[in-house]
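Chemist: Sharing a structure with you now.
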Amino acid sequence: MECKRARAYSSSANLGSGFDILSIAHTAFFDTVEICVENKNLNNIIVESNSKIPLEPNKNSATYPIVKIMEEIGIKASLKVRVIKGIPEGLGLGSSGASAAAAVMAFNNLFNLNLSKEDLVRYAMYGEIASSGSPHPDNVAASVFGGVVSVVSVSPVKVVEIPINYSFDILLFTPLNVHIEEKTKKAREMVPKTVTLSDYINNSRYISSLLLGFIKGERELIRLGLNDKIVEKARLPLFPYYPKIKEVAIKYDAIGACVSGAGPSILVLTDKMTDENKIVEEGTKTCNEFNVECKVIKAKIAGGVGIEGRD
C-alpha cells in the first residue's frame, strides 16, 4: 500500500487591513495528512483522525479538495486519509486551511500530478468551503507557499510571495476557553458590505505601508500597516480584549499587533527592541480581566507545505 504524508503550518490571515488578501505562515502549530492508496479499482475515501472532525469526505476540509481533484482530473482510487490535527480549531490560526494544504500536497505527490503551487491553493480552497461555506484563499495560500503572501487574484488564483527584509518573531495570544459555534461563518457575516470612503482610504494606506515595510525592512512602516479601520472594528464583540492587548504590545515596543484571521487569537510581532516578557505578563493579565484564559505561543515565520520523510 503506497502512502504519502505532508505537513502544513498554521497561519494568521488579514494582518490588519488585508482581509482575504494577506496571510503569514508560522511555526506555532502544524497539521499532518497521510494518504494511502488501498485499491485503484474502487472509488471511495475513508477518513480517520485524532480529532472530532467530519468523516464524510465532502464535509471534511482535508478530503473535499481531494474529491474535487479526482473529479476534475478523472482519478479513480480507494483512499485512506488520516488527518492528524495539531492546530487548534476555531482560534483563527488557519486550521482548516492547513489540513487542506497538507492533503492536496500529499495527493499531488502520491499521484505524481505536478500541480503548481497556485493549483494547490485553488484546490485547497475547497477545504474552506467544507469548513465554513466560503472559499477564502488567504490561509491556504500561506500554508502552501509559506512566509507572507498576498492573494492578488482568485479567478484565476494568483499568489505573490512578499519578500521579508526585517527580522521579527511572533507571539500568539490563544484563548483556551473561548468557543464560538461556526465562528468563521459568523465572523464573515459581521464584515460590513459597504464602507465609508475615509475608512477605505485609511485601509489602503495601511496595507501599502505594511507591504512596503516588509519589502524595505522598515519597522515603522510595518507598525503602521498592522492596523485596520473596517473588519477588526466590526468583529470586536468576538474579542473585546484585543484593543487592550494591542495597547500593551505597543507600550512595550512590539512592532505591532493585530487579530489573527477571524480571531479570537491575537498576533503580536516582536523584535530585539521588544520587552516580550512584559507583553506576555500584562497581556495574560488583560485576558484574565475578560475571563479569558490565554496561552501565549512564541513562533517564527514558517515555510510552505512539504512531504514528510523526504531527504
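One is the number of the first residue shown, and numbering goes on along the chain from there.
The backbone N, Cα and C atoms fix where each Cβ goes, glycine too.
Swiss-Prot lists Pro88, Glu89, Gly90, Leu91, Gly92, Leu93, Gly94, Ser95, Ser96, Gly97, Ala98 with the feature ATP binding site, giving sequence analysis as the kind of evidence.
Tell me what's around each of these sites.
Modeler: Pro88 (ATP binding site): 19 other CB atoms within 10 A of its CB, across all protein chains. Under the DSSP three-state reduction, Pro88 (ATP binding site) is assigned to coil, being neither helix nor strand.
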Chemist: Helix, strand or coil at Gly94 (ATP binding site), per DSSP?
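Modeler: Where Gly94 (ATP binding site) sits, the three-state DSSP reduction gives coil.
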Chemist: In the structure shown, which of the binding-site residues Gly92, Gly94 has the fewest other Cβ atoms within 10 Å?
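Modeler: Comparing Cβ neighbour counts within 10 Å for the binding-site residues Gly92, Gly94 gives Gly92.
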Chemist: Let me know how many other Cβ atoms fall within 10 Å of the Cβ of Ala98 (ATP binding site).
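Modeler: Around Ala98 (ATP binding site), other Cβ atoms within 10 Å: 35.
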Chemist: I'd like the number of other C-beta atoms within 10 A of the C-beta of Gly90 (ATP binding site), please.
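Modeler: Other Cβ atoms within 10 Å of Gly90 (ATP binding site): 19.
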Chemist: Quick check: which same-chain residues outside Pro88, Glu89, Gly90, Leu91, Gly92, Leu93, Gly94, Ser95, Ser96, Gly97, Ala98 lie with their CB within 8 A of the centre of the ATP site CB atoms?
Modeler: Ser10, Ile87, Asn139, Gly261
